[in-house]
Amino acid sequence: MLEVQNLSMRFGGLLAVDQVSLDVNEHEIVAIIGPNGAGKTTVFNCMSGFYKPTGGKILFQGKEIQGTPDYKISRLGLVRTFQHVRLFSRMTVVENLLVAQHRHLNTNLLSGILNTPNYREKEQKSLDRAAYWLDRVGLTDMANREAGNLAYGQQRRLEIARCMVTEPRLLMLDEPAAGLNPAETKDLNRLIISLKEDYNVSVVLIEHDMSLVMDISDRINVINQGRPLASGTPDEIRRNDDVIKAYLGEA
Amino acid sequence: MSEASLYFIQQLVNGLTIGSTYALIAIGYTMVYGIIGMINFAHGEIYMIGAYTALIAITGLATLGVSWLPLILIVALVCAVIVSSAMGWAVERAAYRPVRGRHRLIPLISAIGMSIFLQNYVHLAQGSRNIGFPLMIQGGFDFGGDDTFRGSISYMQMTIFVTTLICMTALSLFISRSRIGRACRAVSQDLGMANLLGIDTNRIIAATFVIGAALAAVAGLLLGMYYGSIDPLFGFIAGLKAFTAAVLGGIGSIPGAMLGGLILGVSESMTSGYISGAYKDVVSFGLLILILLFKPTGLLGKPEVEKI
C-alpha cells in the first residue's frame, strides 16, 4: 500500500535521512524505531508531505506522492499525528471531530444559511460518526468540554479519533505512547490493534516504548543515524546484533 | 431628570452609535489577525469603497426615479456588501496570499501598499473632494428635557444600533454554529493541522477576508449616511480607530473587537462632550498607548502561553 524507496533528505550539509526504504501492506502495523536523532520523524515528515524529499520515491497505492503538499496527501487517506498533541484546544471535543470531517461535508455557504435538508443530513451524519468515535475511545462524557482541558492520555486518544473520522487508509502515529502511564499505554495498545482488525486501517508508528512496539507490530524497521539498520519481525529485531549494538553501544 | 444627567445620556448614546460602527470595522481587523496573524491595513479602504459603492447605488436609483426608502437602502447595502467583499477577496488573493508565510513585515508592507493604491484609485475615479451623502433617515424622538436642553435619539442612530446588532448576532451565530465558522476557528488555532485534516485553508482564509469586508461595507453605508459626506480619506481615520478598537479589546478576539469599539466610541464622545471635540483623537490614541503599555493583549485577549 505504501512503499518508500531509497528516501533521502538533506538539510544543507546534513544528510538527515540516507537511502531509507520501507513498505507497508494492507492490514499491517509497521514500527519505525531507532535512537533519538536517527531521522525517524524526518521520514514521517517526508511521507506526510511536510518536507519535499531530496531523493527517492514514495508510492501510496501505486501513486508517487513525494513532494505533494500535505493537505492533498491527507485527502488521499494518509493521516498523521505529531509527537506533541496538536488538538484544537479551545474547541470542544466533539467540535474537534466535526471539523476534521469538514472536507467530507462539501456544501456551500448558502445551503448552511438556508439550512437545506441536504445540509442537515450531512451534519447529522458527521455528528453520528463523531459520537461513534467518542464512544470508541471512551470520551463520550467529555464531548462538550474544551479539548485543552482533557487529561493528557485523553487528548492522545482524541487525536486518534480525530484521525479516524477522516476515514484514512493509513495512519501515521509519531510516538503515540509518549507521556502515557502503563495503563494508558495498554489501552492505546488495544486501540491500535483494533484499528487494524476492525477498521482495516494500516498503521505506521514511531515509538520508543519497546514493549508496545514488540506487542503490536507486524514488522519493525530500525533506523540509525539516518540509515536503515535492520528490518524484520519483532522476533528477528530482538535477536539482531546490530540493533542491540546501536541501542546499547558497543562493548 | 436633571440637565446634567440628560447631557450624559446624550453623550452615551452618541458614543455607542459611533462605537458600534467602529466595532463593525474592527471585526475585520481582528478576524484576519486571528487567522493569519497579519494586520490588514487596507481594511479601512475596503470600508471606504463600501461607502462609495452605496452612494453610487443611491444616486443611480435616484436617477431611475426610485423613491421608496427601504428599497433604496437595501439595494445600496447589497451593492456595497458585494463590491467590498469582492475587493476584500481580491486584495487577499493578489497582495497577501503570495507573501503569506514570509517574514511578518512583508505582508504588512504589502498591506500598506494596497491601502495607498486603493485610496489613490478612488481619488482618480471619484475625485478627491468630499461628496455629499444624502441624509435619508431624518428625525428622531426626544427622551426628556425641556426647552433649554433636549436629549434625543435620531432614527439614524437607531438604524445604526439595530443594524449593528443584527450583524453582530449573525456573525456570532455563524462563527459558533456553522461549518465554515467552525473551520475558521480551527484554522485560527492551528493552520498547519487544519491543512493536514483536509480543510481547504486558503478558502477559509479568503472567507475571513470576505466576511470582514462585508461588515466593513455595512459600516461604510451607515457612517456615510450618519456623517453626510464622504471622501477618499474617509477610510483612513476610521480604519485607524477601528484598529485601535481591535487592539483595545484584544486583537484576535471577536467579542474583544465589539467591546473595544464601544469603549472607544463612548470615550470619544465623552471627551467631545465634556472637554473639547479637538481632543477626542488624543484620547482614543492615548488609550491605545495605555493599553499597549499596561495590557498588551487587550481587554479580552488571551496571552500566548508557550508550552514547553
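Glycine too: its Cβ is placed from the backbone N, Cα and C atoms.
Pulled from TrEMBL, these are the features on record:
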- B:20-39: transmembrane segment (TRANSMEM)
- B:46-65: transmembrane segment (TRANSMEM)
- B:71-91: transmembrane segment (TRANSMEM)
- B:103-122: transmembrane segment (TRANSMEM)
- B:155-175: transmembrane segment (TRANSMEM)
- B:204-227: transmembrane segment (TRANSMEM)
- B:233-266: transmembrane segment (TRANSMEM)
- B:278-294: transmembrane segment (TRANSMEM)
Establish whether the number of Cβ pairs under 8 Å between the transmembrane segment (B:204-227) and the transmembrane segment (B:46-65) reaches at least three, counting only pairs separated by 6 or more residues. yes
What parts of the chain pack near the transmembrane segment (B:233-266), using Cβ distances under 8 Å and only residues at least 6 beyond its ends? 11-12, 15-31, 33-34, 39, 41, 43-49, 51, 115, 119, 168, 171-172, 175, 188, 219-220, 223-224, 281, 284-285, 287-288, 291-292, 297-302
Lying 6 or more residues past either end of the transmembrane segment (B:20-39) yet within Cβ distance under 8 Å of it, the residues of that chain are 46-47, 88, 96, 100, 104, 107-108, 111, 160-161, 164-165, 167-168, 171, 184, 187-188, 191, 204-205, 208-209, 211-213, 215-216, 218-219, 222-223, 226, 238-239, 241-243, 245-246, 249, 251-254, 256-262, 264-265
